[in-house]
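To keep things clear, I will list the structure first and then write my remarks on it.
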Amino acid sequence: MPPIIEISGLRKTYSRAFRQPHNALDGLDLEVAAGQVHGFLGPNGSGKTTTLRALLGLIRVDGGTMRIFGEEVPHRLPDVVGRIGAVVESPQFFKHFSGRLTLQLLAESAGVSNTRVEEVLEQVGLRDAAKASVKGYSLGMRQRLAVAQALLKQPQLLILDEPANGLDPAGIHHMRELLQWLAHAQGVTVVVSSHLLSEVQQLCDSMTIVSRGRRIVDGKVADIIAGHGDSSLTVRFPDAASLPEAADALAAAAGSLGEARPVTAAVDRDRLVVRGAPEPAWVTKTLADAGIYLSELRTETKNLESVFLELTGTAPVPGHTVQIGESAVVPQTAPAPVAAGDVTINVESEGAER
Amino acid sequence: MNLFKAELRRLARRRLSLVFGIIAAAGLLVLAGVFWFTSSKGPTETELAEAQAEADRINGENFEYEDCVDDEDYFETEEYSWIDGEPYYEDMTHEELCADMFGMMTADDLIWTYTFVFADESPLILIGVTIVAGLIMMMLGSSAIGAEWSSGGMANLLLWHPNRLKVWGAKLGAASAVCAAAVIAVLLLAFGLLYVTAAARGEIGDLNSAWWDENLPKFARAGLLSIAMTVLGASLAMLGRHTAISGGIIAGYLIVGDMLVRFAGMAMQMPFSERLSLYTWVSAWIDGRIELQDWSDFNSEYPDIMVITSTEAGLLLGGIVLAFAALATWAFHRRDVS
């Protein structure tokens, strides 16, 4: 099945008076397969919202191609917009109108029935607040109204920018279940841009991470986490003085494993961090053979946050605040097409340019 | 069509529309009330008798007048010899001459009555009401566009309707339609209120076919001007993406800009410098024609005349509005929506 969204080489440059032009999008590529919840991640200022705005015809681009449902956008956007529901950035509404009237006006403008308005109000949990004017809504309620607006058309593609923004824990849980139900039970393709990485990890089937207007990595969430960097073992001893000795013992034993499996053991304060070990039992046996007995052995599994920080080069450094735009530089090479189970990583050098 | 209807409903449901509607209705009631309380069909018999008694009392204390009446030869002196040659005094009796010279009071001098004559006075009032309604609609039109931008509603709407020309057309069409409906409603209400006021407290006058032939085109042109003002307000708000920008530009030009342009024309000793004023063209458009005079040729007994017809004024004013509307269309089509 062809991708629902195909973006290739997208460029957007903002010219600024007396300053260098800013490349918000610098040859960005993106593919989203049908029926998935796709996460669209990146540091602040990496071009996520710009991409979504360009895709939805709100801003003009300086280069590249975009397709939704196989139709080139923005030229053919009017042909497919009826199948797209979207919320871009913080939702804004006319504050004196009620939530219901806001939806009714949009529904009327597109020939959507009023019964659908009531359905989506119920779906996002705003049924009882529908009569109140939007100015009295909390951020979370506005967010729900924005999602309701996106759902009105019964879209086949749902694009949501920070949908969990301002929602309470119950709201986040409800939103997650709703989006997963839409994608997996109703066949709706959902694209979610978010900074809540734990939420993305739970919600999304696949994702694309961007930095400085280019794609760093895309693929299935589980594959990216598993495939990027290895897991490590943390080893602690009753006596910290055993650390160098243990490191030496593991390094010596690693030599017998051959170069195919490089094992490193590094002392980090009161612990030993072991990477590349075939299995935890190999560590306990090697150390026991050397007469060193450990007090704790823990497998450290990478999560999306650590992968994200590493890939985007925005991991915090003591004494240094990461500035907007200080993220990983991505080489300008065309990535290989993404297939199920593949992970494409385009980072040439990890870490920020600082 | 759905979008147009939704825009009509959006305009109608705005709080500002309700506020302006109430202000307009209240303003018309106040206007009719002013005429109601100031106009009368003439003094009553009692009022006339009281005024006459008061006039007689004042005249009784006017000794110069009494002396003049008593003395038939009062004006046969050198001092009043100039009266003989004056045609104004030719047919006056001696008493009338005394009254004229020494200010004898009459009942009319002491009683003030004003009678509102609908046929004479309503055309100017109705045209003024139409223009004020147009100004209100211009504010409403520019606010409808400006508020869409500042509230983020425009971006929301474009997510549903990416064809920007269609969105702009629907918004402009809805604003113009609401303006036309509001102006007609205000005009009819004002007409009705003033007519009733004149019937009850003044005179209707002669509303013959000549009256309608003369005034109906003026009302129609004033109505068209109101719609043009709405389009201009909405276009400026679209260009500036804010209501205040539209209001600021229009108010700034009408209050300061127009005056500066006229001063510049006068400073350059430009003939017919009034033609630089927007008000001149607006007057020409509503009245049907306007005559400007230029007295700069001191050797001539008569001034040079320049006539501006409503057609010429319509072309100029329409051109200005169309130019701004086209500029707004282009800007909306090209600009990023953030």
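In case you wondered, yes, glycine gets a Cβ from its N, Cα and C as well.
Automatic, uncurated: that is what TrEMBL annotation is.
The transmembrane segment annotation in TrEMBL covers B:16-37 (among others).
The annotation transmembrane segment is assigned in TrEMBL to B:124-147 (among others). Using a Cβ-Cβ cut-off under 8 Å and counting only residues 6 or more beyond its ends in the same chain, the transmembrane segment (B:124-147) has close neighbours at 10-11, 14, 16-17, 20, 23-24, 27-28, 31, 153, 171, 175, 178-179, 182-183, 186-187, 190-191, 194, 215, 218-219, 222-223, 225-227, 229-234, 236-238, 240-247, 250, 286.
Look at TrEMBL and you will find B:168-199 (among others) tagged as transmembrane segment.
Among the features that TrEMBL reports, transmembrane segment is placed at B:219-239 (among others).
If you look up TrEMBL, you'll see B:251-272 (among others) marked as transmembrane segment.
Long-range contacts of the transmembrane segment (B:313-332) within the same chain: residues 164-165, 168, 172, 221, 225, 228, 231-232, 234-236, 238-239, 281-282, 284-285, 290, each at least 6 residues beyond the stretch ends and with a Cβ under 8 Å from a Cβ of the stretch. Annotation source TrEMBL lists transmembrane segment at B:313-332 (among others).
Counted over residue pairs separated by six or more positions, the transmembrane segment (B:219-239) shares fewer than 3 Cβ pairs under 8 angstroms with the transmembrane segment (B:251-272), which leaves the two as not touching. With a threshold of 8 Å between CB atoms, the same-chain residues lying at least 6 positions outside the transmembrane segment (B:16-37) that come near it are 116, 125, 129, 132-133, 136, 139-140, 143, 178, 182, 186, 189-190, 193-194, 196-198, 200-202.
For the transmembrane segment (B:168-199), the residues of the chain that approach it from at least six positions outside its boundaries are 3-4, 6-8, 10-12, 17, 21, 24-25, 28-29, 31-32, 35-36, 39, 116-118, 122, 125-126, 129-130, 133-134, 136-137, 140-141, 144-145, 148, 205, 219, 223, 226-227, 230-231, 234-235, 238, 325, 328-329, 332, judged by C-beta separation under 8 angstroms.
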